[in-house]
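Q: Quick one: structure below, then a few questions.
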Protein chains: 2
Amino acid sequence: MYERLKGFRDFYPGEMRARRETIDTLESAAQRYGFREVGTPALERTEMYVDKSGEEIVDELYAFTDQGGRDVAMTPELTPTVARMVVAKQQELSKPIKWYSTRPFWRYEEPQSGRFREFYQTNVDIFGSSEPEADAEVLAVVGDALTDMGLSGEDFEFRVSHRDILSSLLGSFDADVDTKQAIRAVDKSQKVSEAEYHDLLHDAGLSYDQAAQFDDLLQSSEDDLDELVEFGGEDVEAAVTNLRDVLAATEDFGVREFCTVSLTTARGLDYYTGVVFECFDSTGEVGRSVFGGGRYDDLIESFGGQPTPAVGVAPGHSTLPLLLQRAGVWPEEELRTDYYVLTVGDTRDVAADIARELRAEGHTVESDVAGRSFGGQLDYADSINAETVVIVGERDLEEGNVTVKDMDTGDQVQVPVEEFPGAHDEPRYTDFE
Amino acid sequence: MYERLKGFRDFYPGEMRARRETIDTLESAAQRYGFREVGTPALERTEMYVDKSGEEIVDELYAFTDQGGRDVAMTPELTPTVARMVVAKQQELSKPIKWYSTRPFWRYEEPQSGRFREFYQTNVDIFGSSEPEADAEVLAVVGDALTDMGLSGEDFEFRVSHRDILSSLLGSFDADVDTKQAIRAVDKSQKVSEAEYHDLLHDAGLSYDQAAQFDDLLQSSEDDLDELVEFGGEDVEAAVTNLRDVLAATEDFGVREFCTVSLTTARGLDYYTGVVFECFDSTGEVGRSVFGGGRYDDLIESFGGQPTPAVGVAPGHSTLPLLLQRAGVWPEEELRTDYYVLTVGDTRDVAADIARELRAEGHTVESDVAGRSFGGQLDYADSINAETVVIVGERDLEEGNVTVKDMDTGDQVQVPVEEFPGAHDEPRYTDFE
C-alpha cells in the first residue's frame, strides 16, 4: 500500500463536487467580464524565480535538474509564467489582455490549516492598462464571484491599500529606508507583536520614533487620507488620488460596499506596485487573508518586455473553502444522480435505450454494469443519491410497463414503456401518479 | 526574456477555447453516465512506478529527491494514483466506483507530432466490476463523446482485442514463452518491419515458424474467432466468449458500429488484462493510435488492495486534436464575445449598469478598462469578435438614448436607455431596428 505525499491531497468525488462548483462559479464570473482561459506549463526554468526573488527562493521550491541537465522548478505561482507568455507575443496580442486559469501550484512549505504543498488557484489578470477601471474590474470579478457563491457584504471585506502611499510616506521621513524591507515589515505586522513590528521597521532604516509615527499614519481610515497628503506631499497625493479613483470605479462597478481602505495591508511579494488588496473574513473566524491581489506594473518590463502595466487577483482553493464553510455556503459534498435504470432479468437492451434517451436530455443516468441483484442495485442507487429509479423488469415488460420510483418518498407507479421517457424531458414519478 | 521548456506548451486563449470545448464535451459524456470527478496530486513517490514498471522507468520520468529527502516523481499517468486512492478507501467506497478527471501528466520523452513532455488526458475508469457491461460502458462514453464532437463512424474505429486471447494462444505453442514480452512485441508490430517483429517474438521464446503462425492467427477477423478456439482450446474459448459478450453489450449501448475486432492491437502496458482497445483514425491520416484503454483486473490487488477488477480509457488531448482537425470538426480557435459596451465621455456609471445587467443574464460583456478612444474601443471590440456593441455616449444620453450596433452587418440603431436591456434577455440590433 502506497502513501500519499505529505502536503498533497486526494479529492474524492463528494469533496471534488463542492470544489468544482466553487471553481466554476469563480471562472464563470471571470468569463462574463471577458477574461479568457489560458493553459500553462507545470515546469519552468528555475532561474525565472531566482532572478525575481533571489537564490533563497529555491528552498521553497520543488526544484531539480531534469534528465537533459536543465534546472527546472514546479511553478510556485502563475504570475512569472503569464508574464513570460505576454512578453513572447506582445506584438500580436491586442490589449488589454484579460486572462484567467485555474490550476495547481507547488511550494515546499510546512502544511497547516488552509496551506498545502500542492494548492489550487484561479488567477485573473489584466495586462496593458494602468487605468483605475482595470483595478476595479478585478475587484468586481471576485466580488461578483463571492456573492454568486452565496456570500454577502456581511461575510467578507476587501482591504484595499496602495503601495505608493506606503513608499511615499516612508520617503517623507528623514531616514535612509529600505522601502521593500519596510513594506515586508508592514505585511508581517498582523502576525507579530507591536514591539517586533517596530524592530522590523527599525531594521529597515526608521528610528523607533519614526516607526511609531509611521505605524500611526497607516492606521488612517479613508476619511483621514487628506492628513496623509499633508504629511507626505505630492507623491502621497498622487497615490491617494489613484486609490480614490479606483474606489470610485468600484462604486460604478457595484462592488464598492465590499472595499475598506486599510493601509496596513501591504502584500508580501516585492513585485507589487500601486493598489493592493486582500480579502478577509469579516467575522475574523478565518484568521488569515483568504486571498489577495494588486498591481504589478513593472514585472513585464523586468521580464524583457515593453512596459506593460498589470493588475490581478488569485483566489486560492485552500483558503476560500474556509470562508465559505464559516459562512455556511460551502456546496454540499454529495453526489447527485438524476436516474438509475434498474434491470431485472434479461432487459438490458430496453434499459439501455431508456438510459440513452435520458442522457440525450443531459441527465446523469446510471445503470447496472456489475451484474448486481435487485437489492444490490437499489442500494447502489441510494448510495449515489439517485432521484428516480426506473425499474425495467422482465415480467413488467411482458405487459409493456416499467416502474418509476421516487427515491425520496418511496412512491412508485407503473408506466407504459413507450411513455418513458416518451415526450418528457425530465420524467418523474409525479408526471405519472 | 525567458524561454518555455522544450516539450511544454503555452495555450493562448484561441487554442485554449477549442481545447476546453473538447475537454468539456468528453467530461460531459462521462458525467451523463454517472462518472464522478476526482482530484489527484501531481507528485507521487517514485517507488510506486518503479515497483510497477522496473527501475528503467525512472529514465522516462521527471523524478527527483525533494527537500525532505523523499524520492518523488511527477505523475506520468493516472492509473497508479487512482489505484492508490481506491486501496486507501476500499471499505467505504460503494462499488462500482466510476471516476473521471482531466489533468496534465509528464514524461521525459523526445517531443514529436502529437507527443509532448507535458500532455493532458481525461481518464475514465470503473473499479469493482468484471462484467462485460463495464468494458462496454467505457467504450460507450468515448463513443458518445466522439460523436458529440462531430465525428461519425466513418471517421474513427475502436480496434478491440483481448489480452487473454493473445496469452492463451501463446500458451498453446510448444515453447517456453515470456507472455508479457511477446505481447509487447505485438504492440510494436505496426511500427517495425515484419522481420523485426518476428525477431521480437523469437526473443520472447517462439520459434520463427511459431512466430509466423502466431502472427497469422492474430490476423483473424471477428468471423474467424471460432478457428482460434479450435486452435487454442478452452482458455481461448473463455476469452473469446468474454470478447463477444463485451461486443454484445456495446450493441445494446449504441456503440457497436464503432468496434472492430483486431487482435494485433495489444496495448503496451504490462498491467492490462482482458479486453483492450485503441481508437484509430479510419482514414489512416493520423498514423498512430489516438487513445486507448482496457481492463486491468490485477492492479488494485498488486497495490495491496482487495481483488478489484477495473477497466478504463484515457483520451489524450495531444492526439485527439489531430483526429478532430483531420475530420474538420476541431472547434474554432476564436474568441467569442456577446457585447462590448463602449463609453464616450463621462458615461461610465450608465455603461457599467448596462454591462452588469447583461452579465446577470450570463452574457460575456466587456467594457473599457484602458481609457481608450472611440476608435480604439471599436478596434478592440472587433479583435474580441464582439457581436453587438452598445455605444453609451454623453450626447446620446442627454436625449436618453444609447446606440446598438450589429458588428457583423455594421447596422446601428438608437434605443432609449431604459429599454436596453430592459425586458430583453439577449437584446440585439434586430430587436430594435
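Cβ coordinates come from backbone N, Cα and C, glycine included.
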Q: Please pick, from A:Arg45, A:Arg107, A:Arg244, A:Arg288, the residue that TrEMBL records in the L-histidine site together with A:Glu77, A:Leu78, A:Thr79, A:Gln121, A:Asp125, A:Arg267, A:Tyr271, A:Tyr272.
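A: Among the candidates, TrEMBL records only A:Arg107 at this L-histidine site.
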Q: Where does A:Glu77 (L-histidine binding site) sit by DSSP, helix, strand or coil?
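A: Note: A:Glu77 (L-histidine binding site) is coil by DSSP, not helix or strand.
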Q: What average pLDDT is reported by the model for the domain 'Aminoacyl-transfer RNA synthetases class-II family profile' (A:31-433)?
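A: Over the domain 'Aminoacyl-transfer RNA synthetases class-II family profile' (A:31-433), the predicted model scores a mean pLDDT of 95.
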Q: Residues with Cβ closer than 8 Å to the Cβ of A:Glu77 (L-histidine binding site), same chain and 6+ apart in sequence?
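A: The list for A:Glu77 (L-histidine binding site) reads A:Phe105, A:Gln121, A:Ala314, given in order along the sequence.
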Q: May I ask which residues of the same chain, at least 6 positions away in sequence, place their Cβ under 8 angstroms from the Cβ of A:Arg267 (L-histidine binding site)?
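A: The list for A:Arg267 (L-histidine binding site) reads A:Ser161, A:Arg163, A:Asp187, A:Val276, A:Glu278, A:Gly292, A:Gly294, given in order along the sequence.
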Q: Near the Cβ of A:Tyr272 (L-histidine binding site), how many other Cβ atoms are there if near means within 10 Å?
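A: Within a 10 Å radius of the Cβ of A:Tyr272 (L-histidine binding site) lie 24 other Cβ atoms.
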Q: Let me make sure I understand the span of the L-histidine site: among A:Glu77, A:Leu78, A:Thr79, A:Arg107, A:Gln121, A:Asp125, A:Arg267, A:Tyr271, A:Tyr272, what is the greatest distance between any two Cα atoms, in Å?
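A: Output for L-histidine binders A:Glu77, A:Leu78, A:Thr79, A:Arg107, A:Gln121, A:Asp125, A:Arg267, A:Tyr271, A:Tyr272: max Cα distance 21 Å.
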Q: Using DSSP with the three-state reduction, classify A:Arg267 (L-histidine binding site) as helix, strand or coil.
A: coil
